[in-house]
Every structure is written in structure tokens, then in C-alpha cells.
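Quick notes on the structure that follows.
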């Protein structure tokens, strides 16, 4: 039909030569295109036959195509990889910086709360009662242990006794590292060390100085590393009953049966000043990082907070008997124990205890004539909700651990560790991993009675936790 119309058109209209030429060229193109397409189809079919016959060849060709890239494409690919690595490194750095910033912020907040005396780590509920088989006894003193300190790195313990000696122990092995032997009375001029009962000890927060005080009114300063004697401080007119270094410094506070507090600069081997106020012999002293210390006044039944810079004091009343021991929990709170058998928690903002447990270790005697067991020592894990107390004068004495309530209001018993004898000294390690009790056959301040079955020595009580501690600031 197409040929009919073409012919008709040719008859009806006389064509120009140019048109005929264009038409013939077009026809030639059509013919060539048909031939080309036919050849192409043949080539494609032949390729497909080869591919089906040899699939490995196709794979090799594809790999060649992938490998073969222009220099520009290679540069682009490497640049993208480099940018991706930079992006990952930047993300990691940003994450690390964010973590460090949070960590620093947390530490700063903790430091602020600690300075304010409001830091209370809630770890009491995680503490597990120790297995009796895990409690170790270190023996080396001939007479009752009266006091002890733990080095800041928690590797060593120093203990002192009524036998006038000081022993350095290694915590891990329980072995005696060194002993500073005591001397006989009357040999003070030639003997380097104590010649009477050692009543108290303290170690500086950097572990550079160890101080010990005795019944002979002397304070000895030692090098804890070598146990070498450095200085002897004289000035008190009665037995030295309490010692404490101000944290972060080498300022030493001492308390005495002469009712006074003295301040010393150990670096300068110098006496600084004396503070008066107690009406009876002072039985205990403690200090943290502020320029103040707290004391227990024995039979004057007062607890006092001494503000050294202002040369003033705060007086607190609450116990019904002699207050024999005192320990700071943080900068604002403290725990005391006395021969009335009670344990009290105090805050510097109130003149009366915020919490008291009477007959904390029970009582003894006939019906109607019961007497409470004396609380002869207390200890506190700094900035936490755990305190410990030690009873004295019975065959079934114990170290009792207590949980402080929120805001240090209320005391709940956690568990007790039974032991025979007078628990004369208690100290927590800084990390709270263990508690050390110094035990003797007699009370550290006197010889009212003696328990022959007791063993003079140190008990190391491990404190294990169930989970990580929580921290709250009130």
C-alpha cells in the first residue's frame, strides 16, 4: 500500500532534483541501518552464546572492569575513604571529650558536696557480711593494741600497744614488716621511741609523716617508709590521747588529758598554738580538710568543734556518761560512742544528736541492775552511710556495722562480727574494702578489768559489695 501512495504522489507532483536526491539518501540510510541492526543482533546473539558457554570469562571481565579505574576515580575513592576516617575519628574524639567533661563535672560536684559536708555515698545496702574464715588475725604485740592507722595507699597498717612498740604490717600478706621497739621507763634520754603506753596515732594524707602520742606526754614523728625517727614534740602536761593531721597538709592537731588542744607544724618542726575549753581530760580527736577539729571531752560529756582560724568553739551535749571516742563522717557530721553504751550521730548545725542508739551492744548484769557494754571505739567510712562501733569488756564482744539513714538521721544495724576482748580501735580503709579492729585484753585508757581469753592483735575484716555504689547529695 505504501508503494501505491508513493507512486501516486510521484505522478501528481513533479519532484525537484534535490528532493529525489534527499529521498534516495534516506532510502540508502534505511537500508544501511537495517543491515547494521541485523549485524548487531548477530553479534549480541554470538556474545550471549559465548557467555552461556563460558561464565568464568564473564566474571573475569567484570573484575577487570572493576579494577580498571581512571586516576581521577581512584583519587575520588581515596578522598572519600579519608573523609570517612576523619569523620569517625572526630566522632570518637567528641564522644571522649563529652565523657571526660561529664566525669570532671561529676568530680567537681562531688568535691563541692564534700566541702559542704553533704556528700553521702549510699553503699551500706551493698555490703555483705564477711565469711568468718576470711577474717585474719595479725599477732605481734605482747600487750593490748591501743590504736592503729592505715596508710593512704592501703598497703600497710601501723599498730601501737601498751607494750610501747609500734609495728608496721603488710596488708596483703599479713606479715610484720618492721617493729619500733619500746623502751623501759627511765630510758627516755637514750631510747629512740616510746617508753610508756602509746595511746594514739595519725598519718598524713600523703603518707609522708606518722605521728604517735604516749602516756609520757610526748609526740613522736616518724617516716612511715623507713620507720626512722624524725622529731619529738614536747609541750603537753598530760598523756597525749588524740592525734590527727589536717587533710592535704602537714598541720598536726593533738589532744591531751591536760584538757588542751595543741596545733603543730610538722614541716617546720614547730609548735603553733594551744586551745582550751574542755572541763575534763580529752579522750578523742579527729580532723578532715577544713581548718577545724572535733574532740570528745570524756567525763565533761561534751563534744566540741574547734574553729582554729576564728579561735572559737562549738559545744554539744547529749551523752549520759563519758564520751570515749569520736570520728568525723564528713565535714558536717560525726559519730561518737561512750561508756553509757550509746552511739550518737551529730551535725555541726545542732547542739543535740540527730540520732542516738542506746545500749548499742546490749547489756549485762542481773535483772534490774543491767549495765550497758561500753562503746570503746567508733569508725566511719568518710562521705558514706556506714559507721562501725566496737564494744568492750565481754567474752562476746563484737564489731557492729551500722547504716546511717538519709541525711544521717537514724541508725540501722547491718551485721556484727563477734570477737573476744576490748575493741580499742577501729579504722576503715579509704576505699572501704576492709575494716581493721585493734583488740586487747584491757581497755586502752585503763585496767578496770582483764579478759584473759582475748588475743592482743589486729583483725582485718573484708567488706565485699554486691553492686556499684550510688552517690547522692542532699
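The backbone N, Cα and C atoms fix where each Cβ goes, glycine too.
Here's what TrEMBL has on this protein:
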type	residues	note
COMPBIAS	18-31	compositional bias 'Basic and acidic residues'
REGION	15-72	region 'Disordered'
REPEAT	138-179	repeat 'WD'
REPEAT	191-223	repeat 'WD'
REPEAT	233-274	repeat 'WD'
REPEAT	275-316	repeat 'WD'
REPEAT	316-356	repeat 'WD'
Out of 138-179, 233-274, 275-316, which stretch touches the repeat 'WD' (191-223) the most, going by CB pairs under 8 Å?
233-274
Residue distribution over DSSP helix, strand and coil in the repeat 'WD' (138-179)
0 helix, 22 strand, 20 coil
Could you give me the DSSP helix, strand and coil counts for the repeat 'WD' (233-274)?
0 helix, 24 strand, 18 coil
